[in-house]
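Trainee: Got a structure here, written out as structure tokens. Questions coming.
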Amino acid sequence: TAGAPSSAWACLPDLLPLYYRRLFPFSQYYRWLSYGGVSKNYFQNREFSFTLKDDIYVRYQSFTTQNELEKEMQKMVPYKIDIGAVYSHRPSQHNAVKSGTFQALEKELVFDIDMTDYDDVRRCCSAADICSKCWTLMTIAIRILDRALREDFGFHHLLWVYSGRRGVHCWVCDDAARKLSVAARSAVAEYLSLIKGGEETVRKVVLSDPIHPFINHSLSVVERYFCQYAIVEQDILGSKESVDKVLALLPEDILSFPVVLSQYQYFTSRYQYQSNFTILSEIMLQYCYPRLDVNVSKGVNHLLKSPFSIHPKTGRISVPIDLKELNTFDPFEVPTISLICEELERPRADEAEDDDVKDKENEQEAGERRRIRDYKRTSLAKYVKVFDRFLEAMARSRKGEMLQKSDLQKDF
Amino acid sequence: MQFPGRRKKLIGSSQNDLYDHCLQFYGQPPLENISLTEFETFAVERLKLLKTVENLGVSCVKNSEQYTKKLDAEISSLNFPQKAELSEQKVQGGISEYEKRRKDHISHFILRLAYCQTEDLRRWFIQQEMDLFRYRFNDLHSKHKTDFLHKNNLKYETVSAEEKKSLQDKLIASSYGLSGTKVEEHDVYKVPFQDALDLVRTRKVYLLAGNAYIPHHEIVTIVLNDFRTRLSKALAMTARSLPAVQSDERLQPLLSHLSHAYVGQDYSIQKNIGKISLEQIDALSGKSFPLCMRHLHKALRENHHLRHGGRMQYGLFLKGIGLSLEQALQFWRSEFVKGKVDADKFDKAYAYSVRHMFGKEGKRTDYTPYSCMKVILSNPPSQGDYHGCPFRHSDPELLKQKLQNYKVSPSGTNQILELVKGMHYQLACQKYFELTHNVEDAGFSLNHPNQYFTESQKLLSGGRDIKKEVDMSQRSQENPASVTRPSQANSKQAHEEMGDLDSFFQDE
């Protein structure tokens, strides 16, 4: 564990400037949001919003170059950073634009999975708390959504990010995703939604025959984790209260099964009760299937917390998640700002750098080099690597597309 | 060029071309001259049809037997096209199929003029036209469907036989009414998922690598998507050329009346601002609030918080019953402060959105309170939400409990639950009104929460006797607003024309 949250909060005014000066991966960040420079002014027309000290919130921030972005962030020292849409004009000049013509044009397709939305099905924590027992829900969510977005919808470039406290975000960065309309985004989000109903609904998942291939895929993921998660970790059959909650989801005639009393057996013996497979599936899905907020995904102009920003309440950095290591991802091992600032200060054995190289660089390059050396000394390094790989994949893809296009046009 | 003989022949052949299919995309506007009478009649009758489409869409399951029968009857009585073949003989003294198609064509374009001006009007018009189109397309034989696709140059990519075979099981599991033989015998189309949003949204289609695999009998959804896109663009263009049309004094009063009288009162203009004090709200919520707002009020009092959806639905309702901005701010702040939000945070985070509702921030649009249709159909509640329509969104068991808590009799509760089962949510709410106010007949047709409140207050203050009187006074309240708009020399003439038109708008 790295740094108690309360101390992080108190230190933010001191740590944030250091973070933005020496650790925030500006060049990768700029590279991401420029998307290869294919569209003119893509970065310049992007909206950022900052929450400053004392909860002051400013929207419509935009920057013309990476350098300007750095300077402004170092000057304003935002506590929170959100990324919005790419607009028709520079957001910072939106007041000068004729009313009605300033419009959000493109943005990544995003998803926000928040652990609070599972409060009715987790016993270990509630509200903003999370623990290793309920984190499995995020693992399940990522596996299901990642597969569906890639295989069903054909998207390739997905960036999964830990929000810093109680959830995960997904940024779908494909060209086609960024150009989606509001209606399309909401349709994708609804396709991915299985949990329907608010406080007033008890049975939130209703499946009908035949079962759509998407649901089957999702069920096989849930089944893999269900026994470990629900029976063991959440112990849903461990108290009368929580057993009653499960029973409330069953149709009345099922209650006569005596085997319900034998906890673990009931679920493992489902193969004996094929006719009730649908009901069991509904229960498993209600406990484990991802709950996403459609409203976050559908707006083109919706602002979402930026990767690599800090979560002010926990001090943790919003880091990219490496899906190859998903099973071992531990939110409590994610570095906090105090940890990495501390790591920065530790003296290094190999401090002697090639000084001659330093002379030949200009100031910006030198700054970057220094920064690259800096974050590499901290726990942030491995997460920036994940980000790098993500960016490289997008670059390769863009190159491939351009070759395809020039082949079609017979350019040589 | 006046060659009567030859002219007739010309008209004959162009007749066949123009209206040779009973369904159309309305791509080309009508080019002929028509009389003012025909202009009015066509417009009003199509409007009646669209209004029926809207009502049936809320009270019946679309494409159920009941829906089909009722819509069929309305189309027939209003003389809109129904027969697939033009050559059907003219019914004695009736209107030919050709003439019905002509009316369909012309009336659609007239209503475009009336409904292109605001986002709300456009949305309403597109929704009803789409529902009507879907109904009529589904009614066609397979051959005529294919004809339609060809005539309108809609070319959708078909899936190869091998691919069909390899995906057969998955296709059958994703699409309603699809069997192995159907997959083999009929075409399956492959379109980018963005062109099949309605099927994607409801997960009624197989998706692979970004493509939706549509069986032949579902092609209507793709066509509808096309229809919506084209109509949306066309309306935007129409709106731009509208000033020229509106300057025609003969048309302006009619167009304005068309777009106002039928969409109903929207409670956007605040009446009785400040007549209600905050202390009265608790009592009012039990007596005069519809169930949805009573529910939201209770949740707010208990949790000292409401999420965005609930704040919008309830906040705009309160605005509609006459709360001023200052009162609203005080109301929300005092409640939120009892919870986890301190006064400072309220002022920073939530006050903005309250002012936004009153049109004092951002786009400065004055948001209108949600109608029942909007509450029932959009933004369904999820975990932690209390908004929506309890008749639509609550579990019947929980709804029953709630009604019992509110002292509704068991027989009354059963009546309500029966209506809910039949998906007649607004009628269920009306029944709730009747039971809680102890009247046999609500005396109005519920379509807006604020209407519920107004009617309740009227009743409780003894302000009305018989149903008919209220309807009359309501209607005469609405019409002057739209008639006094054209302040021109011949407004008197317009007024007389209005008199005739009023009779078109009598509710059943």
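Glycine is treated like the rest: Cβ placed from N, Cα and C.
TrEMBL labels come from automatic prediction, so no person has curated them.
From TrEMBL, here are the annotated features:
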| type | residues | note |
| --- | --- | --- |
| DOMAIN | B:283-453 | domain 'DNA primase large subunit C-terminal' |
| BINDING | B:Cys292, B:Cys372, B:Cys389, B:Cys429 | [4Fe-4S] cluster binding site |
| REGION | B:465-508 | region 'Disordered' |
| COMPBIAS | B:473-492 | compositional bias 'Polar residues' |
Trainee: Just name the winner among B:Cys372, B:Cys429 (the binding-site residues) by count of other CB atoms within 10 A of its CB.
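Mentor: The residue with the most neighbouring Cβ atoms within 10 Å is B:Cys429.
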Trainee: Which number gives the other C-beta atoms within 10 angstroms of the C-beta of B:Cys292 ([4Fe-4S] cluster binding site), all protein chains shown included?
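Mentor: Summing over all protein chains shown, B:Cys292 ([4Fe-4S] cluster binding site) has 28 other Cβ atoms within 10 Å.
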Trainee: What number of additional C-beta atoms lies within 10 angstroms of the C-beta atom of B:Cys389 ([4Fe-4S] cluster binding site)?
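Mentor: So the number of other Cβ atoms within 10 Å of B:Cys389 ([4Fe-4S] cluster binding site) is 27.
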Trainee: For the recorded [4Fe-4S] cluster site formed by B:Cys292, B:Cys372, B:Cys389, B:Cys429, name the remaining residues of the chain with Cβ within 8 Å of the site's Cβ center, in chain order.
Mentor: B:Pro290, B:Leu291, B:Val375, B:Ile376, B:Pro390, B:Phe391, B:Arg392, B:Tyr425, B:Gln426, B:Leu446, B:Pro449
Trainee: Helix, strand or coil by DSSP: which one applies to B:Cys389 ([4Fe-4S] cluster binding site)?
Mentor: coil
Trainee: Considering every residue in the domain 'DNA primase large subunit C-terminal' (B:283-453), what is the mean pLDDT value?
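Mentor: Across the domain 'DNA primase large subunit C-terminal' (B:283-453), the average pLDDT comes out at 89.
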